[in-house]
């Protein structure tokens, strides 16, 4: 077609924007055979940039995908019916001259007028007028005649490497070199100047929004599946006569299957058919499942194909065999020689364990020769055998060395005569039944027992459970392997090697295993694992304190340098004591075998000897000779020995002390191989590691000396001088007065020591942040990098770092334009950019007049084409990004990071054909797949004030606006025939348009047709944390591979120029061969209909998505176990009549695979379906982006396996690499939930700083581990070493980190890629965040029990140990220390306040030499200064949590944005939340270490906009924080009244946060009406549950809290509740005694002591007692009073309910509730009376009364815990006893024999419960009284919502809508309970204010008998 251009008119280009569907239409109305065509729903038109000469008409006849989805109408979800079919019409937009908005209708060029009416009919064909209208515009067809104009200003570079008009024309596209012969670019890191290029965009990407139609699937009725393996089966005949299909599933039968393995001139050493024969042989000889064999065959072929894509097939086979089995880095090789199996293979030896531990260098050489001599077929056989054993191993896969042992026996069996002579095939499933199932059942029975056809957890803690690690470690030692015996007591290893495998089914596994490390639940693990931390701190603190506090141990006025040196030198004694404690504690954890005992006893004896050397001189100097020259010399020598001792014990790991294990011992060999084979750091990284810790401890020791130690000298001296207080003649009074200052001083020293610990963590945070920021500048990841270096260089960097343009004779601008435009278009499709933004960001075509073209060419230009150039967007040279995309929007963030990341060092990419295959694996449990319409447009409940859609619209206003505009475009196109109906009435048209826009901007659609509602669902799902978002994001890998393959291989388009189907199939096949996505859906079989529809929608949208799930068939016969299968399906699988998909693979398992906490087992059962050399692990709440997926080749190159050796790894001349393999490559995370309010941003900030700032420096200094997401894993390395996680229930709750520790311990390097990031969602609500923190905290408690921490803590060198400690357990220990310092600090201040309120204090005088005034005073001014410094220290420690976030934001986003973000945190009260989080962390880990109970908590990650009832928050957070906070607040109240320091205000804010945070961060907490309704619910919660069972009641909360101590009764049949609650075991006596009796007793004794001290001193008030014993008896008597009164009342009520209750219950069902209400009211009244009595006894002195309340609370707390521990047996799992007590009906409760003892037990329970009820009732009211005044502030609810959600105050946050009846009912409740609340409020004020006012006027002398 010829086009003539008028040169007078400005050139104009056309950009045709349409919805691209890769599925083409033919004239016979048959669908395409391309699997890549099945795309996603597209509510946004796709951009297809056509090169159309000016003046020509844009014809839009390309096909449009038909949309179908699972949607919900007004109330429920439904599937699109066959009659519903949509073909939306997408506009073509002319750029850049777009008409004004008022003429927007004329912008759209409509096409097509047929509507598909029935989904069951074949697709209608859409006419394609010519090849020019194809969706793929061929690059090669443009190169010959499109040249840049020399007149263009930006194209005047004469040094361009492209066509010169003076030279002959370029050769035609057919001359381009074949891709198979392309070599590396050899760019050496240079960035070739892509000065000018042309755009031709391949838009073969499924949009994230396209809704697939059912008839687009090959398995729909009447359609043929082009990927059905039956159409191209390559079968072999097995020995049992079955045809086993081994064809690559869902791939066409052509040369593209395993394309790199032996096609063309690439001769495979073993053909595919020969490999099939080997697999069938192994199936027949071992009895593997055929389905498993098919799966493993595909796995191996994919692995070989992946490796062969970048080397010869022979080398691929050799290297894979070396990685799995024979190479020096293979785990099997390491195990083989570590266990001396090399000697077992030496025919001259009969036993392994009896052989001497000799050097096996010669045997290793023999091994290499044997591997080198092995045939390729034998290598394939070994690989196939290993993978087949591994593929069916189920839980045995977690025990890598056990699997090595099984493989060893099986491999020996393959070379035995028995194997060769076997003529009958083994029955299918024999391996599973005989080998795997016995081991599986042993593992299962360790933790579970059968009950009612299911499994229940045994009451065994980890120390009594033989777990995966215990089983695995059996196979580390040859002497233990020798003890493996058959059931007839015959040793397995004494049998002939060829017979051992056949006898595995007869092994007595029950007597083979034993505990190899005891994970006892105790704090003593910290003494063993982290003893160097304690030595570094406590010993140095001793040096500092002893040096400055000489007044504590020297005679007053004397100078005794020898004594000072000797006492200071006792720091070495302190260090030795810690080593001795750690050595003694180690006896509790390791097996007491001969070698362990001898090693520990030897170490202990030597430590005792060192202790004597460090301590004996002090005895001589201090007791015998305090002065003298000899004493001084001895002191100096002792000090030097002390320093050497401390330095040695701080640096040397305990396992290496005094030589450690003998290097020739088997244990040393095993430990060195499996637990201490740490990867070495290079010199630079090791210097960085050492430098970091020198900076940390250098600053810490200097600062701590001056700020903490030297300044502590005067307070300590002042308190020491107070020990001589005289306070009476009675003995008790003298004791109290003498010891209170000593106790106070002890508290001060302990607090100072804790601050000494916290100070280290403070400096660690500062310095690792500084190091990380410096490294970010070094890498170029900083906003401070000049704009020119970031954006101006971006095109060059795309060409240099994203593309592999080797030997491509296409101008760089052509290539780069496609990449850049694809990125822009992807953001446009996701509604991050508007069409106006797209115009400014895309490469543009500029046409030249034909006359200018002829001047540029030797020959006449083709008549049908004009000449044009491509102009890059001005974005690359502009400095104002707001001009191009929404400010601070997602597009700006993504483009900014992409640009910055390319400025960093990035490995060069390989050609796409040569990149390795990888798989993304996502475990899924109950996360939302796709949001329903109901969830989006309706409030969750009446307590929700804003819908999810409204919330998302406010968070993403520009994106919603873009979405609505596109929706309107689709509507206008569909209504095109009637578009002129309003032309005669413009006013009516405008009105109708306005009304139409209202619906669009409200919910995104006007019609409720599924094709429109689904668009809104998808838009919201892509901005929430859904599986759909994850899948659609990571499917960008497929799009990126297609794009890169097309761009880098223009010859493909030329070859397939006349066959678009072939072209699309070729690039789709490439994407499928390089990338897989597996979602492991644990609950798939339990999904409801809506969930199943959503999953089906996902499969139809992404047919290549693989879903693995667990299928269970009921047992065929009674007594048998059900059959469990691991199943794999995808979108190509055929739909059965039941609507289910026919599986690709269905592999039987030995039993239920979920034996742990879920996630690890879920990953383990699905990992056999993963393909390729690498895995990426992502969670179901992550996202990915096209521009990041383009970097995948560089990421995979981080594994350093692209350039494999060219010689055989078994060749004698091969170089033996000393570099450890890369096991894990981590990546950055962008937390996309950071803008979802303050809580979402707090959670995002923590994840962001840990995942980016911390990991950046941790990876460099060797401290990074594995955290699950979005890390890339070396599949071979990890799967041969126990898998990608660990799975013992409870112990491995935080399962991911164990894989990192395992890889680290076994020699795997862990790297971090700074240039790549994925999106990640985080918890958004207060409750969900706290649930997540609880899970992390309890998981850390379990980690501290684990053997992995034992190995790391006792074997790592100091700098790497400190890196590990402070990056992982140190953070949690720091949280414990923070809360411990708060508690001890307020106790210390309480004693100081007691002294300040009773003693005469000295007037402050700045002159240190001045005499104290008044005479006889006590100088506490230095102590007050210490309090100020300590408060500042604690506040700084709290606030330091914001430093990493601020510095990271400062470096990457600039000062303004970092300040804004930090300011928003402060305004939103996030410091309060940080304090609360610290307490939750501390409580979780301390509770777990004492009582256990770690379990997975499903936090839920939805947007938290609903108001949580007060009672729910109170019940959830009372035990973890509120009780603790209230106790601290009481003490702080007394301190404030006695020590009036302004610094206490900071402390008040921190402490109040412990009690008030749950309510401050509760949405709509301060809505007055809801507040009153909440009060009603609180009263009902307190009172219900006594007549009938109620889960949400105070009594249920009380019983649940008590079970932590009592435990539940063991499970027994009978009551239904027995099946709904898991067993909770009773803790050990030591744990209960320590935590529930000893510590509460000490706390009570200290509080009573403080109260007695106040009452000991004489006072002007005659009512004060002068004897401490009287005060003690008085406060104890008052404390017991309410308990005794409650006991009396309960006894009376028991007799009433017992005798008349059963009768009255017949006519009055609320009798039990009435009796309970009487008792509860009585307990509340008692507590109020006791408080007033206590106040009265203290003569209305409020501070004394508060101190009395503190003592009363501590005493009662001790009493209640003592009663619970001594008298309460295990709890029933039901509440029948509680209801029986109140109703008097004890019979028929299912109590059995316990009916006679339960009344007494329940009586003790009720005594405790009454006091606890009164406490909760009063405490709940006090909190409500504090919150109530805030509710009266005008507009407080909206302001509070703005603070929480970061939403603009608008009408979107509105009151819920109620019916008239509901309104009247609510109004009555508000008035009734509002008045009641007011009455209670006034009574509370009266009880407090009345005594203050009246008590001061009452003058009398109270005489008490005590």
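Just so you know, glycine gets a Cβ as well, placed from its N, Cα and C.
All TrEMBL annotations are machine predictions without curation.
Per TrEMBL, the feature region 'Disordered' maps to 1-105 (among others).
The annotation compositional bias 'Low complexity' is assigned in TrEMBL to 27-37.
The annotation compositional bias 'Polar residues' is assigned in TrEMBL to 58-78.
What TrEMBL lists as compositional bias 'Acidic residues' is 147-156.
Marked as region 'Disordered' by TrEMBL: 147-197 (among others).
The compositional bias 'Basic and acidic residues' annotation in TrEMBL covers 157-166.
Annotation source TrEMBL lists domain '1,3-beta-glucan synthase component FKS1-like' at 377-489.
Same-chain residues lying 6 or more positions outside the transmembrane segment (534-553) and placing a CB less than 8 Å from one of its CB atoms are 527, 563-564, 567-568, 570-572, 574-575, 578-579, 622, 646, 649-650, 697, 701, 704-705, 708-710, 712-713, 716-717, 720, 749, 752-753, 756-757, 760. Taken from TrEMBL, the feature transmembrane segment applies to 534-553 (among others).
Annotation source TrEMBL lists transmembrane segment at 604-623 (among others).
Counting same-chain residues at least six beyond the ends of the transmembrane segment (690-710), those with a Cβ under 8 angstroms from any Cβ of the stretch are 536, 540-541, 544-545, 548, 752, 755-756, 759-760, 763-764, 766-768, 771, 1257, 1261, 1358-1359, 1362-1363, 1429, 1433. The transmembrane segment feature in TrEMBL is assigned to 690-710 (among others).
Taken from TrEMBL, the feature transmembrane segment applies to 764-787 (among others).
Here TrEMBL flags 1384-1406 (among others) as transmembrane segment.
If you look up TrEMBL, you'll see 1517-1539 (among others) marked as transmembrane segment. Residues 1330, 1334, 1379, 1382-1383, 1386-1387, 1389-1390, 1392-1394, 1396-1397, 1424, 1427, 1476, 1479-1480, 1483-1484, 1547-1548, 1551-1555, 1557-1558, 1597, 1601, 1742-1743, 1746-1747, 1749-1750, 1753, 1816, 1819, 1823 of the same chain lie 6+ residues outside the transmembrane segment (1517-1539) yet bring a C-beta within less than 8 angstroms of a C-beta in it.
What TrEMBL lists as transmembrane segment is 1629-1652 (among others). Beyond the ends of the transmembrane segment (1629-1652), by six or more residues, the same chain brings 521-522, 732, 736, 739-740, 743, 1387, 1390-1391, 1394, 1490-1491, 1605, 1668-1669, 1671-1672, 1675-1676, 1747-1748, 1750-1751, 1753-1755, 1757-1758, 1761-1762, 1764-1765 to within a C-beta distance below 8 angstroms of the stretch.
As annotated by TrEMBL, transmembrane segment applies to 1672-1699 (among others).
The transmembrane segment annotation in TrEMBL covers 1711-1737 (among others).
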- request: Tally the residues of the domain '1,3-beta-glucan synthase component FKS1-like' (377-489) by DSSP class, grouping H, G and I as helix, E and B as strand, and everything else as coil.
  value: 75 helix, 10 strand, 28 coil
Query: Same-chain Cβ contacts of the transmembrane segment (1672-1699) under 8 Å, 6 or more residues past its ends?
result: 732, 1648, 1651-1652, 1655, 1665, 1711-1712, 1715, 1718-1719, 1722-1723, 1726-1727, 1730, 1733-1734, 1737, 1748, 1751-1752, 1755-1756, 1759, 1781-1784, 1786, 1799, 1803, 1806-1807, 1810-1811, 1814, 1904, 1906
Query: Do the transmembrane segment (1817-1836) and the transmembrane segment (1711-1737) come close, with at least three CB pairs under 8 A (pairs 6 or more apart in sequence)?
result: yes
- request: Please work out the mean pLDDT for the residues of the domain '1,3-beta-glucan synthase component FKS1-like' (377-489).
  value: 92
